[in-house]
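K.L.:
This is the structure I have questions about; it appears just below.
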Amino acid sequence: MFGLKRNAVIGLNLYCGGAGLAAGSGGASSSGGRLVAVGKEATARREVGGGEAGAVIGGSAGASPPATLAPDARRVARPSPIGAEGPDVTATPPKLLFFAATRCASPPEEMEGPAADAIMSPEEELDGYEPEPLGKRPAVLPLLELVGEASSGPGTDGSLPSTPPPAEEEEDELFRQSLEIISRYLREQATGAKDAKPLGGSGAASRKALETLRRVGDGVQRNHETAFQGMLRKLDIKNENDVKSLSRVMVHVFSDGVTNWGRIVTLISFGAFVAKHLKSINQESCIEPLAESITDVLVRTKRDWLVKQRGWDGFVEFFHVEDLEGGIRNVLLAFAGVAGVGAGLAYLIR
């Protein structure tokens, strides 16, 4: 096969008016014989009606061969670099691809410079390719990966899921309902007026939970106002950063592993006490972040317990004064332990 390609190159070079190649100059007579045969065959094809041979060898059907072949005519269309929009066309149409059909890895020794340059090395093939930065997700998923995700989804038609799984929906609903109830209660305590606007989502259940929280939370604040004031002075809450630091103290309330509705309602009641303080120092914008911090601590650390107790429905059903007062005493002791009855709590939230 290599011999045929070599003879084709020699014949083309002589036909275009060039000198014989170095490796084939010694066998000029045999090469010349082959050249005459090739020429006769091409002429016969043109006479029969196939102008394709003339177009490939001479440049156009039925036309006389050109005296010389332009150097760029031996060049081929280089493959476009990876990531490029189109091919990097550097020469004439693909009819002059004398070596493309055989896919040789390197040009023959007799090949001249322009034709040899047309064969790309692996380094040239990757020219223009920019490696993707580590940790960056590709903008478009590969087709096979996208099909695999679609086929493994819950839909039978291969479409991607548009809604989260049921467990995730339940978690989101618990957080949403908790945030709505706690945020509404804290704002009402700060302004001193009830909000008549209906609650969204599970309205009836949330409304009952809010009414229960108003009744129980207001009683906790009245009975333990002095203790709440002492804790507020130690916390020294003045801005949103101080409010965010409060979440560490809330987590400590449940550090002994004991959870009950008494501790939860005491924590929310103290949050309402802090909301009143924020209103008095013109920091009402910090009330919503405070409600989010309380909700995050409760739902994130006590989700399993809340689900087992049926969430806010269980809160509405719960009302035992003994258990409530026992939970309140434990919360106050926990705050005192964090504060160290001194500057320990102030140091903790810095």
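Just so you know, glycine gets a Cβ as well, placed from its N, Cα and C.
Pasting the feature list from Swiss-Prot:
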CROSSLNK  Lys5  ubiquitin cross-link
CROSSLNK  Lys40  ubiquitin cross-link
CROSSLNK  Lys136  ubiquitin cross-link
CROSSLNK  Lys194  ubiquitin cross-link
CROSSLNK  Lys197  ubiquitin cross-link
MOD_RES   Ser121  phosphoserine
MOD_RES   Ser159  phosphoserine
MOD_RES   Ser162  phosphoserine
MOD_RES   Thr163  phosphothreonine
REGION    104-175  region 'PEST-like'
REGION    148-170  region 'Disordered'
MOTIF     209-223  motif 'BH3'
MOTIF     252-272  motif 'BH1'
MOTIF     304-319  motif 'BH2'
TRANSMEM  328-348  transmembrane segment
K.L.:
Return the single residue from the recorded sites list (Lys194, Lys197) that has the minimum number of other CB atoms within 10 Å.
P.N.:
Lys197
K.L.:
Can you tell me the mean pLDDT for the motif 'BH2' (304-319)?
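P.N.:
Overall, the motif 'BH2' (304-319) comes to a mean pLDDT of 90.
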K.L.:
Going by DSSP, how much of the motif 'BH2' (304-319) is helix, how much is strand and how much is coil, in residues?
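P.N.:
Within the motif 'BH2' (304-319) the tally stands at 12 helix, 0 strand, 4 coil.
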K.L.:
Using DSSP, tally how many residues of the motif 'BH1' (252-272) sit in helix, strand and coil.
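P.N.:
Per-class counts: 14 helix, 0 strand, 7 coil.
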